[in-house]
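Beneath this line is the structure, given in C-alpha cells, with notes to follow.
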Amino acid sequence: MATVIPPRSRKRVRLDKEREARELEELASAGKLNPSSQTLVVQFQSGQDGSSLGPPISLPAQTGQRELNAIVNQLRREIRKEKRKKRTREEKEQEGEDDDDDDDDEDLPFAFHVSVGGSGEGGSAVNAATRLAISKSLDEDVLNAAAAKKLGLSEEDTLRIVFEPQAVFRVRPVRRCSSTLSGHASPILCSVFSPTSQLLVTGSGDKTARMWDLTSELPLQTLSGHKGWVLCAEWEGRERKLATGDKEGEVRIWDAIDASEGKVGKRAWGPRTGKQVDEERAAAAAAEAEAGGEEPESLARLKAKEKRALRYAAPTSHLLRGHTKWITSLAWEPIHLNPTSPRLASSSKDGTVRVWNVSRRICEYALGGHTASVNVVRWGGDGLLYTASSDRCVKVWDAKDGKLVRTLQDHAHWVNTLALSTDHVLRTGPFDHHGRVLDSLPGEGGQGDQNEEAFDQAAQKAALKRYKEATSHGKKPEVAISGSDDHTLFLWPPQSATATLEPSVASPKKPLARLTGHQKTVNHVAFSPDGNLVASASFDSSVKLWHGRTGKFVASLRGHVSSVYRLAWSADSRIIVSASKDSTIKLWDLKTFKMRQDLPGHEDEVYCVDFAGDKVASGGRDKVLKIWRN
C-alpha cells in the first residue's frame, strides 16, 4: 500500500515563503530586479524529456544562473502542488506509488543553455556551436553572443531556456556509533579530519596527538614531543604535513617522511586505501637514493600513492619556537596561492600571530598589533590573514608582507570565534567530498602512476578551480563573520589589500549586519560549505542559523540542555552536527530546521566534533574518541 504524504505544515509553508522573499530581496538589492531594465520572454524546457515547464514568463535581461535556478525550482514546486491536489488517495493506492515528496521538494542545482539556429523543436537538433551556456546573465551570454547576433536573435523573441540537473550528492546522516577508540589518557581537546577524510588527528591534555585511520577505525601513530596540552591541530591542504600547537607555546610540524634523509618508519599506511606499504622496498630505495645522490630507478618506480603513504610512517616533527603563551589557532596558506611550500600562521594568547616558513623552519614575520590574546587566525583565499582577539578587534593583514590592511572594531567584548565563507574549500584543498582530485590525473581517484610534481600541479589547479567556484568567479566574494562574548555576531564585507571588492559597499570597516539573538557568549561560528548559511553555537544552549550574505536570522535550533561548544557542517550543506556540555552530539536537518538524530554515548562533556564524508568524529572529557556512521 502506498504511503499518503501529508501536506506541508503551516510552519513549512511560512518558512518557504520567507526563503523566497529573502531571495527576491537579495536580487532586488543586487539590482537584478530593476523594473526599468530590459525584459525578455522566456520558456523553460526540460533537457531530459523536452517538456515545457510552466507558461512563458518575462524576466530581466540581467537575470543570471542563480536567479534562473530559483525560478525553476519554484515552478517545479508549484506544479507538484497542483498534481497533489488533483490526485486522490484511491488513485495513489491503485497505482501503487510511493512518492517521496519530502525529497522531491528539495531545491536542485541546474545548468542552463539556449540553443539557437537548430532545425528541431526547442533546439533539439542543433549543433554544439549554437548551444549558448548561461553562466553570467541572459543579456551577456545570449543576446550579446556572436552566434545569436549572427542569427538575428533579439529581445523580442521568446527564448527557450533548456535546464538540466547538475550532479548532486547527498551525505548520509549518521545514526550509530561504529567505534569507541581509547588511547588518550586525558580529555580530547581537538579533532580534525584530513582533507581526504581518510585520516583523523586528535589532540589531548596528555601532551600527545594521535593519528587514526578511518578506513579500519584503528590508531596509526602517537605523536609525542609536546610539553603541554595539545590544544589545536591543522592539516596542510595536500595531507603533506600536519601542524599541532600546545599550551606551552610550541608549534610542531609533522612529516611522515623526510625525503632529504630518506627516513622510513616501521610501518607505512596508504592514506586512501589503509594498506601497508612494503617497508623493505621503501627502505632499500631510500638507501640507494642516499648513496647515489640522485633518485634511483627503484624509487622512481614507486607509485605516487605509495610515496604519499610513506609520510604516515613514524612521523618526525619539527619544532617552531617563538610564542611565549599557549597556541590558540593554526592556519595553513591555501595551496592554490602557494603550491610548493605553503606557510603556516599561528595565533597565541601572547597577543601575536606568527607566520612560519615551514620548509626553512623560521618565522618570516610576527604580527603584533593586538593588545590581548589572539583567539583565532584564518588564512583567506585572496591572500589575506584574518585575526580575532580579546581586545575586541578583528584585524585584516596582507599575508605577503604582514602589513595591516584594516581594523574592524564594533564588538563590545572579546572576539572568540571567526569564520570565512570559503573555509570548507580552503580546508579540503583539491579534494572533493569523496577525497579525490577530479579532472586532474588519470588512474584511481584521479591520481595513479604519476610523480609528485605532476600531482602537485594537478592539485593546485583543482584547488584553484574549487575556490573560484565557491566565490562564483568573484561574484560572491569571500566574507568573514565573528562572534563575541557580547552575545552578538558581525558579518563583515569583502576585504582587499587595496580597495573594497564591491563598489556598493561604502566602507569595508563597517559591518554588513549585526546579528543579535543569543543570550550568552557566542562560542563557535561556521559557514556552510556552499556559503549560503551561517551557524552559531552559544553558551545559551542553542544553535542559530543566519543568511550567509545578508546576516538575516533564519532559524533557531533548540534541543541541547547545556552549552554548545562546537559545530560542523556536512559537505552537502544539508546537516549540522553540534557538540555540547550535556554529553551529547545532535544532528540537525536544514530542511525542516529540526533535530534529526540525538546521539548520546559520551559519558561527559563533548569538547570537539568534526564532519567529513559520511563520518562524524567526537571527543571530550571522557577521554575516548567516537566514530559515528550511517
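Sequential numbering from 1, following the chain as shown.
Any Cβ shown, glycine's included, is placed from N, Cα and C.
The compositional bias 'Polar residues' feature in TrEMBL is assigned to 34-51.
Under the heading compositional bias 'Acidic residues', TrEMBL lists 93-108.
Summarising model confidence by region, the domain 'NLE' (41-114) averages a pLDDT of 76. Annotation comment: TrEMBL describes 41-114 as domain 'NLE'.
The region 'Disordered' annotation in TrEMBL covers 27-64 (among others).
The region 'Disordered' feature in TrEMBL is assigned to 81-109 (among others).
What TrEMBL lists as repeat 'WD' is 181-222 (among others). Proximity of distant same-chain residues to the repeat 'WD' (181-222), defined by a Cβ-Cβ separation under 8 Å and at least 6 residues beyond the stretch ends, is recorded for 228-235, 237-239, 242, 244, 246, 254, 269, 271-274, 312, 314-315, 427-431, 433, 435-436, 607-613, 615, 617-627.
According to TrEMBL, the feature repeat 'WD' maps to 223-255 (among others). Across the repeat 'WD' (223-255), DSSP assigns 0 helix, 18 strand, 15 coil.
Among the features that TrEMBL reports, repeat 'WD' is placed at 320-359 (among others). Among residues of the same chain six or more beyond the repeat 'WD' (320-359), those with a C-beta under 8 A of the stretch's C-beta atoms are 228-229, 231-238, 241, 243-253, 365-368, 370-381, 383, 385, 387, 389, 391, 397, 399, 402, 426, 429-430, 456-457, 459-460, 463-464, 467.
Annotated repeat 'WD' per TrEMBL: 367-407 (among others), in sequence order. Outside the repeat 'WD' (367-407) by six or more residues, the chain places 325, 328-334, 336-337, 343, 345-355, 413-420, 422-423, 425-426, 467, 470-471, 477-478, 480, 482, 484, 490, 492, 495-497, 508-509 with a CB less than 8 A from a CB of the stretch.
Through the fold, the repeat 'WD' (515-556) approaches residues 15, 22, 25-26, 416-425, 470, 476, 479, 481-485, 487-491, 562-573, 576, 578, 580, 582, 588, 590, 593 of its own chain, all at least 6 residues removed from its boundaries and within a Cβ separation under 8 Å. Annotation source TrEMBL lists repeat 'WD' at 515-556 (among others).
What TrEMBL records for 557-598 (among others) is repeat 'WD'. Mapped onto DSSP classes, the repeat 'WD' (557-598) shows 0 helix, 24 strand, 18 coil.
With a threshold of 8 Å between CB atoms, the same-chain residues lying at least 6 positions outside the repeat 'WD' (599-630) that come near it are 171-193, 197, 200, 202, 204, 212, 214, 217, 433-435, 565-571, 575, 577-587. What TrEMBL lists as repeat 'WD' is 599-630 (among others).
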Which sequence-distant residues neighbour the repeat 'WD' (223-255)? Criterion: at least 6 residues beyond either end, Cβ under 8 Å.
186, 189-190, 192-196, 199, 201-205, 207-211, 271, 308, 311, 315-332, 334-335, 342, 344, 346, 348, 350, 356, 358, 361, 426-430, 456, 459, 463
Counts by DSSP class (helix H/G/I, strand E/B, coil) across the repeat 'WD' (181-222):
0 helix, 23 strand, 19 coil
By DSSP, how many residues in the repeat 'WD' (320-359) are helix, how many strand, and how many coil?
0 helix, 17 strand, 23 coil
